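Peer 1: According to TrEMBL, the protein has these features:
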DOMAIN    A:58-127  domain 'NADH:ubiquinone oxidoreductase chain 4 N-terminal'
DOMAIN    A:133-429  domain 'NADH:quinone oxidoreductase/Mrp antiporter transmembrane'
TRANSMEM  A:6-25  transmembrane segment
TRANSMEM  A:32-55  transmembrane segment
TRANSMEM  A:89-108  transmembrane segment
TRANSMEM  A:115-133  transmembrane segment
TRANSMEM  A:139-156  transmembrane segment
TRANSMEM  A:168-188  transmembrane segment
TRANSMEM  A:200-221  transmembrane segment
TRANSMEM  A:242-264  transmembrane segment
TRANSMEM  A:276-295  transmembrane segment
TRANSMEM  A:302-322  transmembrane segment
TRANSMEM  A:375-398  transmembrane segment
TRANSMEM  A:464-482  transmembrane segment
Amino acid sequence: MTVGYPILSTLIWLPIIAGVIVLFAGRNNPRLAKWLSLATVIVTFLLSLPLWFAFDRTTAAMQFVEKLDWIPAYNIQYFLGVDGLSMPLVLLTTFTQVLVIASAWEVIKERVEQYMGAFLIMQGLMTGVFVALDAVLFYVFWEALLIPMFIVIGKWGGPRRVYATIKFFLYTFFGSVFMLVSFLYMYYQSGSFSILDFHTLPLGMTAQILIFLAFLIAFAVKIPMFPVHTWLPDAHVEAPTAGSVVLAAIMLKMGGYGFVRFSLPITPDASMQLDWLVIVLSLIAIVYIGFVALVQHDMKKLVAYSSISHMGFVTLGMFVLYDILQNTGTLQGAQLGMEGAMVQMISHGFISGAMFLAIGVLYDRLHTREISAYGGVVNVMPWFGFFAVLFAMGNVGLPGTSGFVGEFMVILSSFKANPWYGILAAFTLIIGAAYTLWMVKRVIFGDIRNEAVAKMEDLNKREFAIMTALAVAVIALGVYPYPLMDVMHASVEHLIQQAFTSKL
Amino acid sequence: MTFEVPNLAPALPEIVLLTLTSFLLIADTVWSKRCAHCTYWATQITLLVVGWLIVSSFTTQTVVTFDGSFVRDTLADVLKLFIVATSIGIFLFSREYLLQQRSYHGEFFVLGLYGVLGMFVMVSAYNLITLYLGLEIMSLALYAMIAMQRDSQKASEAAMKYFVLGALATGMMLYGMSMLYGATGTLELPKIAQVIASGHADQAVLAFSLVFIVIGLAFKLGAVPFHMWVPDVYHGAPTAMTLYLASAPKIAAFAMLYRLLWDGLQLALPDWQGMLIILSVLSLIVGTVIAVVQTNLKRLLAYSGISHMGFVLMGVAAGDAEGFAAAMFYIIIYAITSVAAFGMIIALARMGHEFDEIEDFKGLNQRNPWLAAMMLFIMFSMAGIPPFIGFWVKLAVIEAAVNAGLLWLAIVAVITAVIGAFYYLRVVKVMYFDTVEESKPAEPITRELGFAVSVVSGLLLILGLFPSWILDLCYRSLGVTVVG
């Protein structure tokens, strides 16, 4: 598969270079910084579209591959490529970034060029994470991403931002160093850092278990899974709106992506042996964190906990496949669960991003995220009320929204694995509805609570455009998810086959 | 009795350096009144000439001269070039600092050059006496340089500490060398290796000598538990001296480590490997943990330097040529990063205000976003976050340790790296997230110095994006074949 330009490199480096230019050119000229950034993200998004249209849906092989020697001494390569698992995530990144840059338009007043530059650089690095096929290259992008995010949360965040950002950085850094040691160990075994070579590298059981656990720490922190989730509510609450959106919509997906790109294919036997661990942690996340979300007073915190709970579905869907085979003897359900998990990732990207943007809209007007400070918003902001309720329904998982598709597929397949998983997972749909709708009731509906709310203005054109784009995405994916599943079908099949091929 | 003139050609850079430096020593007294900056420029020219001499006669062979006491090989040439390069940077920063502090003396540069000469001799030493000679030439120059600010109590104290402990360390090392001579009957490193290989060496004496030699080396590197002098000296010495201490001599110390432990005592590997592992683990843990509570940037960098030495020793402890190559890569980059870090402190220092407290960096992003970004580069590079070069050096030594089967050591190292990230992050936090009430712009002393800091810091990023050539250089100079 080729298009006229090295598409993956362009998607990585165009935003990074533009980000650096914005840092220099935008100094003392915030207007220029904003327009330049917006132009960059739009161009990048348009340039990323050929990924979707020129993608070969019949193969699980890597496409749009680029390969150069980078560090011959260690056989490290600049090796890029996408398959059905990573391509949708790349598009999610380029799409979300357009909204993220647009959302900061009037809100950020201090050091605009640094803010915009940081987000552009982050975009390139996030794309790099999803397309890197060399483990060290992957790690470089994965870690480098921490630097701009650290600055963004710490500089433009809320009152406890410094605590939150250092916690965010150290948690993630701690998680990933063990992954690095695993990479080195596998390099020592195979003489290559290529992820595709790791996929076929035979490994003993002990080695597999240790590598699996190292990966689990790295990815569990990022997703985040119970009990290493505590950085997320802090980081989300303190981050500026766009920071929360990028965190929720894209960065959390990197953890889920890690499981399908690394854990399952590289350590299939250990995954089979330790799948219960992931499943239990996922169920705890789904149920327990759902209850935690119920009692939050802060809207952002509530959505942050709801994110953890929803990401629980992703990890659940990814790891039920072994139980399914054991109980039903077929792999059909496994495919359903895995695809459900992938769809859930994309859908959660849209919905959580939309929720955070909606909260951002309220925050820009009243400068508080306390649920109790609002009430009756729909009376003064009818359009906002419309979108907020729509996204809330997506969060609840109402049929017709994208939230329903992934969760339904995961629950269906987990019933096949073990009815109890299914019952527990389905149970959260009720909790999810409870905390989301209760928030909607208190914030959007009811009587106008106070004068500040009465003075709030409805969405302006910019906000309206952002909300519309997300609403279209949520509904389109909810009504007709087939194209997305079609894209990932071959890759998921291949992944499941890898996950069942013993490496001992 | 016949007297044969040894082959002088391999030692030409040293000979030229010695001649020019000695000339400068006299010239400085003559022209110091009239032409204050002549010594500085002459120093830089001397270094450039020496650097050019090395490049023009760059060798890939091993040539031994002076009756087996002096060696010139690729390793020596590469290390000398890096010593010259860092020294040029050191003198560049030092000059502005000394002018600013009104303690500008030509002797500083002349002594500095003698220090470089000592390092050269250490790098090329092929017998124990030459090694000791080089070490002493370097150390004496350093003692004098630290003590040059006579009226500063802190500097005098630092000089005293460095002198007493340094003398103790050299004493230890000399004692170890004498025992090594006793065990093997020779001073030449390759012959020592031969004697050990033949099995004629007295094992007990050999083991004892190793203990003393390793202690001496650990003192010089500043590895725990022989690190006590490091923070006090780094903190107390004028920043220009700290810059010198923390960079070029470390490269020379690596050469000493390599010559002794690999050229001479390779077969005693099982004896010294364990000691180095202990030193490495202790340095990693102690250096990192104590650095967390520091409020002074120079002290912080001193403790973080100790933990960096732990990483270097980890590479060496891997006990193969690849490990040494990784350690060499690490120490060269460490020297460059030190130039950047202390150069930053120097660039922002003012008369009577050292700019070495972490608090001084408060709100730097507000006051000078460019320099703040450069400091960010330095800090993240030291923390080992990609894409900066600091990541690759850590990767190299950890890879060496994993290859040597020291997986647990690699895990200790990465955990300390995470703890270490905390204090680098704190500096970034102070620069970016804290705000100062009245925002005084923080300007470098001169434009040129600001530019120099930017070049060195920018190098950390550029090398990080293209680390291959310097890594290959280290591999080649230690004779490790590069795959791929």
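For all residues, glycine too, the Cβ spot is worked out from N, Cα and C.
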Peer 1: With a Cβ cut-off under 8 Å, give me the same-chain residues at least six positions beyond the ends of the transmembrane segment (A:276-295) that come close to it.
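Peer 2: Sequence-distant neighbours of the transmembrane segment (A:276-295): 216, 220, 225-227, 229, 302, 305-306, 308-309, 311-313, 315-316, 318-320, 323, 421, 424-425, 427-428, 431-432, 434-435, 438.
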Peer 1: Kindly state the mean pLDDT of the domain 'NADH:ubiquinone oxidoreductase chain 4 N-terminal' (A:58-127) in the predicted structure.
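Peer 2: Averaged over the domain 'NADH:ubiquinone oxidoreductase chain 4 N-terminal' (A:58-127), the predicted model reaches a pLDDT of 88.
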Peer 1: Let me spell it out: take the transmembrane segment (A:139-156), skip the flanking residues so only those 6+ beyond its ends count, and list any with a Cβ under 8 Å from a Cβ in it.
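Peer 2: Residues packing against the transmembrane segment (A:139-156) from afar: 108, 110-111, 114-115, 118-119, 121-122, 125-126, 128-129, 132, 162, 164-166, 168-169, 172-173, 176, 179-180, 183, 235, 238-240, 242-243, 246-247, 251, 254.
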Peer 1: Which sequence-distant residues neighbour the transmembrane segment (A:168-188)? Criterion: at least 6 residues beyond either end, Cβ under 8 Å.
Peer 2: 74-75, 135-136, 139, 142-143, 146, 149-150, 153, 198, 201, 203, 207, 210-211, 213-215, 217-222, 228, 231, 234-235, 262, 266
Peer 1: Which listed stretch (A:6-25, A:32-55, A:302-322, A:375-398, A:464-482) has the most C-beta pairs under 8 A with the transmembrane segment (A:242-264)?
Peer 2: A:302-322
Peer 1: Could you name the stretch, out of A:6-25, A:375-398, A:464-482, with the greatest number of CB pairs under 8 A to the transmembrane segment (A:302-322)?
Peer 2: A:375-398
Peer 1: Determine which residues of the chain contact the transmembrane segment (A:6-25) at the Cβ level, with the cut-off under 8 Å and only residues 6 or more beyond its ends counted.
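Peer 2: Here the qualifying positions are 32-33, 36-37, 40-41, 43-44, 47-48, 50-51, 64, 66, 80-82, 90, 94, 97, 113-114, 116-121, 123-125, 127-128, 131.
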Peer 1: Could you give the residue numbers and ranges of same-chain residues that sit at least 6 residues beyond the transmembrane segment (A:375-398) on either side and whose C-beta is under 8 angstroms from one of its C-beta atoms?
Peer 2: 303, 306, 310, 347, 350-352, 354-355, 358, 361-362, 404, 407-408, 429, 432-433, 436-437, 439-440, 442-450, 453-459, 463-464, 467, 470-471, 474-475, 478
Peer 1: Under an 8 Å Cβ to Cβ limit, what residues of the same chain, 6 or more beyond the ends of the transmembrane segment (A:464-482), are close to it?
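Peer 2: Residues 95, 98-99, 102-103, 343, 346-347, 350-351, 353-354, 357-358, 383-384, 387, 390-391, 394, 399-405.
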Peer 1: Can you break down the domain 'NADH:ubiquinone oxidoreductase chain 4 N-terminal' (A:58-127) into helix, strand and coil residue counts using DSSP?
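Peer 2: Secondary-structure composition of the domain 'NADH:ubiquinone oxidoreductase chain 4 N-terminal' (A:58-127): 36 helix, 16 strand, 18 coil.
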